[in-house]
């Protein structure tokens with residue numbers, strides 16, 4: 001035992017994530033270690049508005065032979081290489097396995113068929129405009145497109161032959177996150193199942209409501225607004241925080257201040273405020289290391305089709321998972337203990353938030369050069 005005061009910026013500790021019912025090991029003293037590992041190559045930013053070789057630019061021919069229209073705003077089309085499809089047979093368990101009474105195999109090797117649709121969402125026609133470089137009005141068009149997809153697919157789920165359950169909207173930005181095309185775009189996968197990560201969050205939010213008669217993320221918003229130290233962006237409708245339980249170095253969580261279950265409930269005010277928050281956050285990200293900041297980002301919201309509990313306990317939020325740790329060339333790797341034990345981070349959430357708080361969210365570094 002020691003009487004020395006516990007310093008969260010110096011000593012190892014675990015932080016609980018109520019959304020996933022799991023812990024993150026925080027080792028802040030490791031941020032001082034020298035780095036001799038792999039470094040990312042800094043690629044030159046695209047400076048052209050139009051690239052004749054890009055499959056996503058207006059008027060170009062895609063790999064499958066389809067021609068893009070000369071679109072002037074956000075453009076959506078079915079993914080030419082979808083991860084899930086509608087035109088496949090239903091999965092049926094092999095009758096011979098059932099009659100053989102092979103209970104061990106059926107117990108261990110569980111399989112479900114998955115049907116769905118995948119879409120590509122080109123944020124804007126300009127090849128060189130990522131979210132922080134787009135106007136707030138242009139980002140608002142992206143938000144409106146997300147909402148239109150959600151509402152349309154929810155209606156199709158209720159009226160069509162396939163009961164779609166979830167629409168996962170996301171963006172992989174930068175080659176460090178496996179993005180295969182530099183033209184600013186996101187994706188939307190619509191499935192007839194609820195994905196595992198989302199299902200886990202929904203389960204824990206439902207358990208929290210049953211135990212406390214209040215919403216998990218609603219309570220979390222109140223707590224973060226009271227403490228302030230992890231908030232990096234805030235407006236009338238949303239806050240963006242480095243979550244207390246963050247894994248990635250500069251991970252953020254965007255949360256609706258009020259109980260908005262999905263994009264379907266967004267009025268013009270919420271669309272404008274979301275666009276503003278996204279522009280400010282991504283501008284801060286780029287300004288952190290004066291680079292086009294890579295990340296994986298995704299929306300979590302109410303299912304297209306679910307139980308009353310699942311829908312009512314949902315709370316609109318967005319996750320941003322950026323890999324960069326110390327500079328534009330050094331990123332975090334989830335390996336070793338993190339794959340075999342539990343996730344681990346070096347700097348604390350509060351240290352990361354302080355870095356982001358001091359950055360300009362209005363002026364992009366490219367406009368200051």
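Placement of Cβ uses the backbone N, Cα and C atoms for every residue, glycine included.
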Exercise for the section: Among 201, 210, 224, find me the residue Swiss-Prot lists at the same Fe cation site as 300, 317, 319. Expected result: 201
Fill in the blank from the handout: Per Swiss-Prot: Zn(2+) is bound by 54, 57, 183, and from 13, 127, 259 the site also lists 127
Completion exercise
Out of 88, 93, 187, 351, Swiss-Prot lists as part of the UDP-alpha-D-glucose site with 63, 79, 80, 172, 332, 333, 334, 335, 337, 338 the residue 187
Problem - binding-site residues (54, 57, 63, 335), the one with most neighbouring Cβ atoms at 10 Å - result: 57
Handout entry: Between residue 319 (Fe cation binding site) and residue 335 (UDP-alpha-D-glucose binding site): CA-CA distance (Å)
Key = 21
Fill in the blank from the handout: The rounded CA-CA distance in Å from residue 183 (Zn(2+) binding site) to residue 317 (Fe cation binding site) is 25
Exercise for the section: Look at each of the binding-site residues, 80, 201, 338, and point out the one with the fewest other Cβ atoms around it within 10 Å. Expected result: 80
Exercise for the section: Give me the non-local Cβ neighbours of residue 319 (Fe cation binding site): same chain, 6+ apart in sequence, Cβ-Cβ under 8 Å, ordered along the sequence. Expected result: 251, 252, 253, 297, 298, 300
Completion exercise
Near Fe cation: residues not in 201, 300, 317, 319 with Cβ within 8 Å of the site Cβ centroid are 19, 198, 253, 298, 299, 318
Practice task
Taking the Cβ of residue 185 (active site, tele-UMP-histidine intermediate) as the reference point, list residues of the same chain whose Cβ is under 8 angstroms away and which are at least six residues distant in sequence.
Solution key: 56, 120, 121, 122, 123, 171
